[in-house]
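Colleague: Submitted below is the structure of interest, expressed as structure tokens.
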Amino acid sequence: MASVKKLAGKVAIVTGGASGIGEVTARLFAERGARAVVIADMQPEKGGTVAESIGGRRCSYVHCDITDEQQVRSVVDWTAATYGGVDVMFCNAGTASATAQTVLDLDLAQFDRVMRVNARGTAACVKQAARKMVELGRGGAIICTASATVHHAGPNLTDYIMSKCGVLGLVRSASLQLGVHGIRVNSVSPTALATPLTATIGLRTAADVESFYGQVTSLKGVAITAEHVAEAVAFLASDEAAFVTGHDLAVDGGLQCLPFVAVAK
């Protein structure tokens, strides 16, 4: 399929862009014509390799721990100073606990870590991107990675689900508050796919994901990939979504259309 330059001229930041959904989205942003893509991540070797492969003049890696707001602010300010603006912020960095985290066995140390990254860290990213976009006065698009789990009760991963529900609340509130500045705020909610993140909860391959979710999605014969999610993000980042804000775009194969069935891991 020929590349369509729907992001031509835009400057984008992708947190968690060194691997998984973030990496694929960063590459797609560049393919769709983004003038510059900044990969903000904590994996210097992987992030640097991705940036170099996209093209050193139009893609940079910057170390960023999103739980440190000053680091987030620095990335945003550096991007604007280096590339002349910030048009798109994809708040994608996230984490999950390595254990089941049922209510009765909730490890609060892990809980705090997950909330610090997924909820607090995402809030810092939205805040700092919005600050710069308001300062520049030309609007912008902010997209956050939520999760299909926010629409269902879960048999485990309680802390993860709570954190992503927080992301959804952030997106809705931010879209209301920032609309006056021409800033759109949306989210994508994918089901699990084989990424370094889902490997921590036992979903290491596409076959693992298909086995886990295939029973509870209505769309058969298609397994979710990072490319599917990246396409959704690219749409929300583009001017084609100019009148879309406060929306959670499900990339879930129809999971929301069916009663949830707890699948044993």
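Glycine is treated like the rest: Cβ placed from N, Cα and C.
So Swiss-Prot says this about it:
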- Y160: active site, proton acceptor (ACT_SITE)
- 13-38: NAD(+) binding site (BINDING)
- S147: substrate binding site (BINDING)
- 1-30: transit peptide (TRANSIT)
Colleague: Please list, in sequence order, the residues in the chain of F29 (NAD(+) binding site) that are at least six apart in sequence and whose C-beta is under 8 Å away from its C-beta.
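Modeller: The answer is L7, K10, A12, V14, V37, V88, A234, A237.
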Colleague: Within 10 Å of each Cβ, count the other Cβ atoms, then let me know which of the binding-site residues G17, G33 comes out lowest.
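Modeller: If we count Cβ atoms within 10 Å for the binding-site residues G17, G33, the smallest count is at G33.
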Colleague: Should any of the binding-site residues I13, G17, S147 have a Cα within 10 Å of the Cα of the residue listed as 'active site, proton acceptor', which are they?
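Modeller: Near the residue listed as 'active site, proton acceptor', where near means Cα within 10 Å, the binding-site residues are S147.
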Colleague: If one looks at the chain holding the residue listed as 'substrate binding site', which residues at least 6 apart in sequence have a CB under 8 angstroms from its CB?
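Modeller: In sequence order, Y160, I161, K164, V167, S189, P190 meet the Cβ cut-off.
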Colleague: Rank the binding-site residues I13, I21, V37 by how many other Cβ atoms lie within 10 Å of each Cβ and give me the one with the fewest.
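Modeller: Looking at the binding-site residues I13, I21, V37, the Cβ with the fewest others within 10 Å is that of I21.
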Colleague: Please give me the CB contact count at 10 A for Y160 (active site, proton acceptor), counting all chains in the structure.
Modeller: 25
Colleague: By a simple count, how many Cβ atoms lie within 10 Å of the Cβ of T25 (NAD(+) binding site), its own Cβ left out?
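Modeller: Neighbour count, Cβ to Cβ under the 10 Å cut-off: 29.
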